[in-house]
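Residues or ranges marked as region 'Disordered' by Swiss-Prot: 108-134, 891-1007, 1464-1487. Swiss-Prot lists 116-125 with the feature compositional bias 'Basic residues'. Per Swiss-Prot, compositional bias 'Low complexity' is recorded for 897-931, 951-1007. Positions annotated as compositional bias 'Polar residues' by Swiss-Prot: 932-950. According to Swiss-Prot, the ATP binding site annotation covers Ile1191, Gly1192, Val1193, Gly1194, Gly1195, Phe1196, Gly1197, Leu1198, Val1199, Lys1216. Summarising the annotation, Swiss-Prot assigns active site, proton acceptor to Asp1313.
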Amino acid sequence: METSQIRNGFNKVEVDVVGPLKDLLVRVMKNINTPFKILNETFKINYCDQQETKTKSSFYIQTLDANDKSSLELTKSAIKNIQMQQQQQQQQQQQQQQQQHHDIFQFTQPSSSHNHSNHHHHHHQQQLQQQQQQQLQQQMKTPKLLFFIVMSVGVGKSYIKNIKEEAGTIPILEWFTNYIRSWEEVFKLTSNQVTSHIKRQLLTKACTTGNINLLDEILLSGISKEQIKETQTIGHGIILKSLIVNNLDSIVVSGSMSLLGAVIDNDNDKKGSSLILSKLNLNLFPKSIITACFNLAELDLSYNNIKEIPKEICQLKHLKILNMNNNQLDDLPLELANLTNLKYLAVQDNPLNKFPHHIIEQGTKRTLVFLKNIIEGKKSETWNKVKLMFVGQEGVGKSSLCKALMGSRRRSSSSFAAELQKSGDTISTEGVKIQSIKGKKIDFYAWDFGGQQVFYPTHQFFLTNQALYLLVFKLTDPNFAERVNYWTLQIKANSGLSVPMIFLVGTHCDACTPEQLSSAEQILKENFVKYSRIRQNAISFVSCTNGTGIKELKKILTNEAEKSNLIKSNIPGSYLILEQRLTDRGANSSRILINQNNINQNNNNNNNNNNHNNCNNNENCTTTAATAGTTTMTSTTTTTTNYSNENILNTSSNSLIALFTRSNSNSNLSNNYQKPLVNQKYIDYNDFERECKLSHLAQEEIQGATEFLHNMGIILHYDTPILRSLVVLDPQWLADVMSSLITFSHNWIKNGILNHSELVSIWSGKYDQSIWPSLLKLLEKFEVSYELPNEFPSRSLIPSLLPEEPIDRIQEIKEKLWIPLPEAIESKRVQIFGCQYNFDFMPLGFFPRLLLRILLIKGIDIKTYWANGILLDILTTEDIKIQKLNHKKHSILPNNSSSTSSSTSSSTSSSTSSSSSSSTSSSSTSTTTTTVQIQSSPFGNSTTIVNKLTNIDNNNNNNNNNNNNNNNNNNINNNNNNNNNNNNNNNNNNNNNNNNNNNNNNNNNNIKNIINNFENQNNLNNIITNNFGGKFEIIKKNDFESPLSSKKPKHQVLVTFKNQKSFESKDKDTYKLNVEIRSFNVSNNNDKDFLASLFFQQLLSTIDTLLSGSYGGLKVTRLIPCIHCIEKDPHSEPHLFDINSCISQLLLGKSQLVCGKDSTTPVRIDYIAPDLSIKKIPILLEDQVVCEEQIGVGGFGLVHKGKLILQDKSLVVAIKSYIVGNSSASDIIRKFQEFHHEMYIMSSLNHLNIVKLFGSMQNPPRMVMEFAPHGDLYHFLEKKKNIKWSFKVRLMLDIAKGIEYLQNQNPPIVHRDLRSPNIFLFSLDENAPVCAKVADFGLSQQSLYSVSGLLGNFQWMAPETIGAEESYTEKIDTYSFSMILFTILTGECPFDEFTSFGKMEFIRKIREEDLRPTIPSDCPPTISNLIELCWSGDPKKRPHFSYIVKELTNFYYNLNLSPIPEQKSINDKSPHPDLISNGVPKLQIAK
């Protein structure tokens, strides 16, 4: 076949045109470039004149003149040539047959020499292959007549009929000169004929060379039965020669001929046939078997490299035997279950990494039933893997107990004791170690939790309620009850409402007397058994030295696991497939040996492998695949961690998904399979969802499967905004990463501060340096660490490693700044308030997480902090101005900094400064930029954070919000890049210690000179402290002076946490969080000094958010200390008021309480609980507000129209009243807190598209707000159907601007109840300054990380908020906004079109099937695209409101409308400007 490759990738086929009319045909067809396909190749036909090209093509077309009699002769001549070619081929075949008979005769004679025989066979085999190729090439070179073209170009007699008689079987095409589409007929016939000839040639080639893949492709493309039979005839001769040449040892082309024979048998309707295609090195399953051999009864494809069985195999209805042994199958299709006649399925020695191995081991019938149950959705599988949690203090024998439970049942106690003596009585565990304990019926996944207290904060991420807990303690410890008490409460807190299954296991019973054992048992029964669901067998005493009680404990564990619901007997088979697929990705990769008999042998192998791998600075891991079922399948492999090829998908702080890989080999089912696996430590949730769908899980089943595998310990997934995007496949790896920092075995993290330069000592050799920034970001997600911003060199805070109590420099700072309470009271210059949270229990790690969140609050000056406390100042307006001046005037460069790095550092600081300060603006050059940093060390005041709490220049801040967000993103990227550079520099520094020491000495001298010059210039009014890590900071001396040394206003805050000290303590509230605020040199009558109250409210919101999101199962009581008790006797404990009693008094219209210690002295509620009285807004008097007609009913009470009167002028307002009604006491308190919370949120808002709060009233509580003359959006759309597009877009834009303002607050404000009834209209004129405003902030929350809680009105709610009490972010408002857009667009409520669904069905479809309203077809693409983006099921894909406002603004202008009216300040838009000052009425605050 003559083809050539042309430039655009097509194959060119030359077709000669001969005969009298060739010029006409070539001229017409030369511009035809239509491509066509033969198999997977694309061809184009080139019609050419042989005389012009001087070449001879493989194909030709004979043109004939229908009116010329000579055309008959041309036809006869062409036919004669064809007949001669056929005769030559027949002669060649006869000669071949004669040669075959001769060879058979020679073959039957005895051979004189074996070596000669081998040489003879080899020679003939080569000769045979050469002959086959030569014959094929000769056939391709012989020109083929495709067809005749007969044209009528003249006048006269037509010989067309005679030509057709002579042509015989050769096609004839009549060309009509008056038919302009004749060229299409020519091309169609040409391409068909060329395709037929080429396929015939390829078919012969496939059979002569044994290429089954090519044969399969040809059969699938379609070929005639005649061609198949013709090829089979040719192939029979080749097979015979193959038999002779190879001495019956092998058949060269038997596979292709077998397939060809099966196809012919199928065409003859022969049933029960078999097809053997083994040992042919096939990479693909021949699909032609399915389409052309559907009558097969037996199929053998063993010993190939097939990776997949096609789903279409179910069409082989008669198949009884399928042999796929020794292939590369990774999975089995569900469609195998539809082969009802299949009796034998052989898939041994395949990897099958994505299919449960134990199912296959149980045979064909079990496998087919398993697949069928998945198809039918039956839940009939059993999960016999139980999570076993070993918890307790260090040194009590947890690891030894775990090892004892893993021991062989036949080992004697003496041998067991000898083994323990070699390893020690106790084995120290850092973090969490995961092992497997094999039982007869149950496999236990043993999680051994490190008992050192330093690891306790990280344990919460691994504890689940679907587990058996072994609370291990040492019977010889006299204080064991305190250890048991902590862990029972910890487990209870993590179990939510369910009662956990706790086994109390005392070790070292061999060292105790019977009396001691009896006493311990009595203590446990009286105090701790009540916390466990296990009552009869909850207590066990064992000895890991002599094995006492071990066998009995294992039996108890097995029995209780069987009785409990931990062994799941009705789970979908798809769960097992999902587990296997995740195992292939990296899950279960850290399981330790389960077969005790192989421990010694495997250890020896590991040692040998480790010696071999010592040349690499990589991590050696021993992994075992733990399997269910009765057959133990153990694969112990030593793997070399190679992180040089890792793929970091995204290292940003918003979306961090890194793939950590290591090579591995799997020999579980295949001895010859050595495919390297990629073990990923964690994957993106979207990737996890894809695995779920490949495991045959429906979308609505994914959440249940995720929770199941999480509770079973296979994966870790936390449905919180920060962690939702991650699925941890290897919990052991995560525990190792955490314990690598939070550990007792190194000294690089000093007092909770980690210099990133020390990561070389911690992570070098374990994790590739390129992923260190990603690991730090991952630890931030789990609130284990926090990377300090604007640090050079970079550092991170590890809160759990801070000193437990103030020591050394921390203690010195605290004593100087936080003076004793009696001294402060005696000065008569301080006002004190605060609160106390009491908990029945609080797991370790609570305050470190709270500390991280407090550090993110703006408007504070951190003085120092430790593991259970933080001391800070609330910045005043004057403080902010002084800080700005100090940062501009004085700057000390970090150690080893050059002028270039200085500029970079300043620029970075500038970005952060502008984003965190409401009053800081960027300068034109980096050298004059104000540097604002966060406190980087607990040892001194070096940093300041400025917040909008100061209310300075709010308008400027609003305008700069978008720029600040961009700066923040850039700053994050810069920090990541700096981390990588710093890490690289650290390695270089380690290699050049001598040079660095010299450089450091020089730099230290330079620093000393700078210090001396600075102190001389500033008259020693400042000091310079050297925080470790080469960080020099300027600190004013008066920063560490007593607050009484100055008469300026000062606000101090001390937050401390107290743990339970003794189990025997009689105090029920032994876990306390105390907040104390001291305001010096301020007056209660000074309405400008409300900063302390505002910060107090934000701090309480931060605490409440953490408690509700992560510790919702704990009982919390909030108490308020009596300030009169404190003032009267600061040495004694004050009376404590319950917060509910304060609220109850306020609801009764009373502003005072009575002290429990002194009933004669009233206590003002606004003094002791300023968060319950919003000082930022005026308290209006009764004669200043006139209440008129009722205009609505709110969630808390009634809404009236009224007037705000002052100096004979009035302003129409809306009055929202809190009405108690017949609610329960708890509902009354809750609703009041929400009502009050709405006032708190609104008091800090100042935007034209947010309804303004003018003031509040008491008895009953009321809010006085702006009045919307045109009502709410819901009723407006309900009444008015025809709305101009211009006004629709204006409404959309106004609402978007209001929400954008909310989300740009710091922290962002989440409305949580955005819907059309909460949007109010102030003008129906699209050219008015304001048309729409957002209102009703009763459910709003400020979100540092996330908010949580159940919500209603599911039609408007984001999927992540419906029907589940989980955390979410401000992106839920973006989703609700899409529903508002839809409502404005259509005039209808969301989902009104769906009338056949009940509420629960609605919720399920919204959450699980992405059900959304139908956008009208005439909706402009800009608006429809915006709606679809905003209602994305993935919160991360929903756009920021800056983008939404931009899109709507551009769309507004593109409508050729008038420009959007400039929105003026509230002062200008008010009908009575003299009533308003800074957005607040000029009113006298009521006393």
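Going from the start of the chain as shown, residues are counted 1 onward.
Just so you know, glycine gets a Cβ as well, placed from its N, Cα and C.
Predicted, not measured: the structure shown is a model, and the values here were computed from it.
On the structure: features taken from Swiss-Prot.
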| residue | record | DSSP class |
| --- | --- | --- |
| Ile1191 | ATP binding site | strand |
| Gly1197 | ATP binding site | coil |
| Asp1313 | active site, proton acceptor | coil |
Cβ packing number for the residue listed as 'active site, proton acceptor', 10 Å threshold: 22
Pairwise Cα distance for Ile1191 (ATP binding site)/the residue listed as 'active site, proton acceptor' [Å, integer]: 20
Binding-site residues compared (Ile1191, Val1193, Val1199) - the one with the fewest other Cβ atoms within 10 Å: Val1193
Other C-beta atoms that fall within 10 angstroms of the C-beta of Gly1197 (ATP binding site): 18
Cα-Cα distance linking the residue listed as 'active site, proton acceptor' and Val1193 (ATP binding site), given in Å to the nearest integer: 16
The residue listed as 'active site, proton acceptor' and Gly1197 (ATP binding site), distance between Cα atoms, whole Å: 17
Rounded Cα separation (Å) that holds between Asp1313 (active site, proton acceptor) and Val1199 (ATP binding site): 18
